[in-house]
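Annotated transmembrane segment per Swiss-Prot: 5-25, 88-108, 116-136, 179-199, 207-227, 258-278, 296-316, 319-339, 355-375, 384-404, 410-430, in sequence order, evidence recorded as sequence analysis.
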Amino acid sequence: MEKGMIKLKSTVILVLFALLYLLPLNGRWLWSPDETRYAEISREMLQRGDWIVPHLLDVRYFEKPVAGYWLNNISQWLLGHTNFSVRFASVFSTALSALLVFWLALLLWKNRRTALLAATIYLTSLLVYGIGTYSVLDPMVTLWMTAALFSHVLIQRATLTRERLMAWGLMGLACGMGFMTKGFLALALPVISVLPVALAQKRIKELLLFGPLAIVVAVLLSAPWALAVHAREADYWHYFFWIEHIQRFAEDDAQHNAPFWYYLPVLIVGTFPWLALLPGALRSGWAERKSSPERFLLLCWMVMPLLFFSIAKGKLLTYILPCFAPLALLMAAWISGLAPAVRDRLLRINSWLNLAFGSVLALAVAALGLGIIMPHLYQPGEGLTIVSGVVCFVGWVAFAAVSLKKSRSWGYLVAGCPLFLALLVGGSIPASVVDSKNPQTFIRSHQPLLEDSRYVLSDEVGLAAGLAWELKRSDITLFKARGELNYGLNYADAADRFVDEGAFPAWLAEKRRSGNVALVLKIDRDTDEEYRNLPAPDQLKKSHRYVLLFYKQIAP
């Protein structure tokens, strides 16, 4: 009976994973700038056959190392030129992280129910789901940080020198791959997480003795590529270390500057549909640090990165994704250890929180659709889009309501709360947002004109990357704004990849002699103010914030 229930729960989790993570993956447009950027970088890597130096729009792009791109490359190589392939590496990394969470729970507590619950909490947490189905590098670096956490547990449990060497070697492999995915950050997070555990358990000597092995392994793993990219591009490491790391995280003008408390609401919303478990799980990690040292270890791996990112001036909500694997383990362990009556009461509180959360969001979408708030977000004729958005959260409410049934196992049905959101969100985005963040629709609507253009320009890197991806050509020229390609455009061989607004009329007059020209703009407002002073086009196509100016070839 017990084995049968475990098999049933495992099957349900696999089906839920497929419905949440795989089925909707190809049905959503790529978001700009992140998804269009990573899609195009890997497309160009495959096209060029260059897996060493990343390029975007044929311009050097030094913002990240290459391991994340490699996973994206493999996905596109195996699965083709689709939105599914663009996002699959993120989903694959999230699935492997969930497997590590499952195995780690089994290792720590020898209980398959707790292990399944930990994996379920991880996969269905709102922030994990949102980032895990989105093409960015954070799910991949999270995979390696979860592997580093797993290695740390192996280190703690090792009794023989050989076991310690193996565990520290695995830590080095995980850190090395993390470094090759997102840089020095992947070395800092394990250090700040391991150190308080070593101090609390008086194992500093062991850390100093065996820790260098992890460093050596990480260096050996990353050295071939690090040396190869240096040989090809001598200033890669200067840019990557000083600009990408020091300026982004520490300086006053850091990119994505945000206050210290920024991650508190992100954490609260991101843990839905399991929010009620958060306070007790964190408290137990500290309160039971002596009786259950593994919980203190998990607490350190959750809290220390969170503090690190909170102190850093540059912040993005994706940064704290590595905190969710240890948090899911803490939650599963804590609720599994409660007395049945207390557990049932907690699950009911959790269900009510989800009921309130879903209701508020359903009402918010309805208010947006009716124009009560932000009256210009939805346009006339978008009734189905509004209904779809409301149903996303009505589904959340429905699962929360069903989970309120007075039966011990029903409380866990909140795991299904994100299901309707996952399946319907692609059809719930208002056209005004699609035509500012999802360039694929606009590009496909005017693909014949764009494909008939010898020269294609864009005033935003994310939009330009979307054009390159859809048209399968990397020679998109940037117009007026350099954006994140500013550094790469300073190279002499990239001088012709940017056209200033003042120089555009003369540039256009010259280029029109050899072919059609298409200029695609993303304007700030739904007016002609930003392009009225440009040379008059032969055709003008506009949809909300996207504008296409088409100039026909003229006789020489």
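Cβ atoms here come from the backbone N, Cα and C positions, even for glycine.
Packing against the transmembrane segment (384-404) from elsewhere in the chain are residues 273, 347-348, 351-352, 354-355, 357-359, 361-362, 365-366, 368-369, 378, 410-414, 416-421, 424-425, 427-431: each is 6 or more residues past its ends and has a CB under 8 Å from a CB in it. Counting Cβ pairs closer than 8 Å to the transmembrane segment (5-25), the top stretch among 88-108, 116-136, 179-199 is 116-136. Contact check: the transmembrane segment (296-316) against the transmembrane segment (355-375) gives fewer than three Cβ pairs closer than 8 Å, residues 6 or more apart, which falls short of the contact criterion.
Distant neighbours of the transmembrane segment (258-278): 121, 124-128, 130, 306, 309-311, 313-315, 317, 320, 323-324, 327, 331, 334-335, 346-347, 349-350, 353-354, 357, 396, 399-400, 414-415, 417-418; these residues of the same chain sit at least 6 beyond its ends, with a Cβ under 8 Å from one of its Cβ atoms.
Within the chain, the transmembrane segment (410-430) has long-range Cβ neighbours (under 8 A, six or more residues past its boundaries) at 16, 19-21, 23-24, 27-29, 117, 120-121, 124, 126, 129, 133, 272-274, 344, 347-348, 350-351, 354, 358, 365, 368, 377-379, 382, 384-385, 388-389, 391-396, 398-400, 402-404, 438.
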